[in-house]
Amino acid sequence: MVEMTRLDIAQGDFWLCLEQRLAWEGVADETVVATVREILKAIRCRGDEALLEYTQRFDGLEIARAPELEIPTSRLQAALTAISREQREALQVAAERITTYHRHQKQESWSYTEPDGTLLGQQVRPLDRVGLYVPGGKAAYPSSVLMNALPAKVAGVSELIMVVPTPKGEMNDLVLGAAAIAGVDRVFTVGGAQAVAALAFGTESVPRVDKIVGPGNMYVATAKSMVFGQVGIDMIAGPSEILVLCDGKTDPEWIAMDLFSQAEHDEAAQAILLSPDGVFLDKVTEAMARLLPTLERQEVIANSLRSRGTLIKVENLDQALEVINFIAPEHLELSVEDPQALASRVRHAGAIFMGRYTAEAIGDYCAGSNHVLPTSRTARFSSPLGVYDFQKRSSLIQCSPQGSQTLGRVASVLARGEGLTAHARSAEYRLKG
């Protein structure tokens with residue numbers, strides 16, 4: 001038996017009920033905040049000494065000297081050799097596709113020259129150094145390494161520093177192998193808020209970075225939010241989400257498994273199915289009941305579906321689009337006859353998976369698009385991680401002698417209107433006559 005809340009857009013309190021289902025408290029509790037604040041202060045003040053202490057305390061890693069925290073590149077290559085041929089080839093295929101996709105995103109510098117010779121433009125440059133946080137231990141997320149590292153490499157980032165916790169020295173060869181394929185420059189066996197602090201402030205051994213990307217637990221997310229402003233960050237991600245719109249003509253078992261694919265992340269993950277066909281909603285529910293016992297993470301999935309999973313009945317696809325754009329889902333599947341036409345009407349979604357044969361899991365691993373996506377309705381104003389996140393822009397302005405006369409007079413008038421005399425005179429000193 002699968003328990004999921006069922007809503008109908010025709011019910012009077014539909015939008016209120018939907019908002020309640022979407023609500024998620026993403027703020028860390030006071031204990032977490034206090035702990036993270038203490039860790040950040042210690043790393044900032046005592047550097048490697050504090051980093052070693054926290055690594056020994058939280059990861060049980062007995063290392064006497066901080067330089068031993070760095071994993072040599074030879075170990076990354078050894079990990080790549082140690083994994084199975086099938087895994088190695090899968091990582092390489094995924095890496096090639098991710099690189100190809102992200103090359104299309106790369107922004108270039110541009111400029112134009114006005115008739116009087118004044119030049120205006122924009123110079124695009126990569127960040128110097130980026131830090132990548134990767135969960136470690138028994139969890140293996142090589143896909144996160146590829147998705148975060150490869151766009152940075154395409155952007156031209158000079159140095160990519162990866163941090164990954166290795167509890168009791170346990171290293172994951174898939175993760176290290178992915179780092180080798182992605183061209184990560186340096187890897188350190190540190191994790192948690194202390195790793196974020198080391199990247200943000202720098203220590204004697206860990207270099208300070210310009211931006212920190214990558215997923216992590218509540219302590220990592222809280223640390224990232226606290227150091228933001230001193231360094232850039234990608235985003236503070238919430239639980240994983242999927243919204244599937246189906247017209248009722250796709251195999252119910254396919255849809256059931258698509259919903260499971262996100263619900264298995266954790267109990268806070270959210271899976272929503274939207275359909276104008278009420279009978280189809282019943283069929284998917286029946287399929288989930290059959291398939292759930294076959295899955296290793298069935299308890300996590302069941303809890304996720306019970307707490308946040310939702311089945312929504314709409315009258316037509318126009319109503320479905322209204323709901324989709326309200327939810328602004330992280331992952332959106334359009335399992336309908338003409339998905340491209342429908343996709344053009346979607347205003348808010350992290351990634352749109354079009355057609356009956358496009359499982360969301362393909363995007364998680366190897367389609368080529370990035371799986372780091374805005375969650376918790378932030379797709380209303382945010383975008384997937386991309387090359388542009390690892391580039392920055394500088395404005396270019398060069399006035400010709402003639403241009404300085406025309407623009408100088410305009411600047412003078414506006415500056416004096418604001419009461420900024422030095423601004424005005426700076427422009428006026430270049431005026432002739």
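Including glycine, each Cβ sits where the backbone N, Cα and C put it.
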### Query
Among Asp173, Asp185, Asp364, which residue does Swiss-Prot annotate as binding substrate together with Ser240, Gln262, His265, His331, Glu418, His423?
Asp364
### Message
Most Cβ neighbours within 10 Å: which of the recorded positions Glu330, Asp364, Glu418 is it?
### Response
Glu330
### Least Cβ-crowded entry, counting other Cβ within 10 Å, from the binding-site residues listed as His265, His331, His423
His423
### Pairwise Cα distance for His265 (substrate binding site)/Tyr133 (NAD(+) binding site) [Å, integer]
18
## Note on the structure
Sequence-ordered list of residues in the chain of Gln262 (substrate binding site) that lie 6 or more positions away and have a Cβ within less than 8 Å of its Cβ, or none, is Ser240, Glu241, Ile242, Ala269, Gln270, Ala271, His331, Glu360
### Task
Could you name the residues, excluding Tyr133, Gln194, Asn217, of the same chain that surround the NAD(+) site, i.e. Cβ within 8 Å of the Cβ centre of those residues, in sequence order?
Val163, Pro165, Gly191, Gly192, Ala193, Ala195, Val196, Gly216, Tyr219, Val220, Ala223
### Euclidean distance between Cα atoms of Glu418 (substrate binding site) and Gln194 (NAD(+) binding site), Å
47
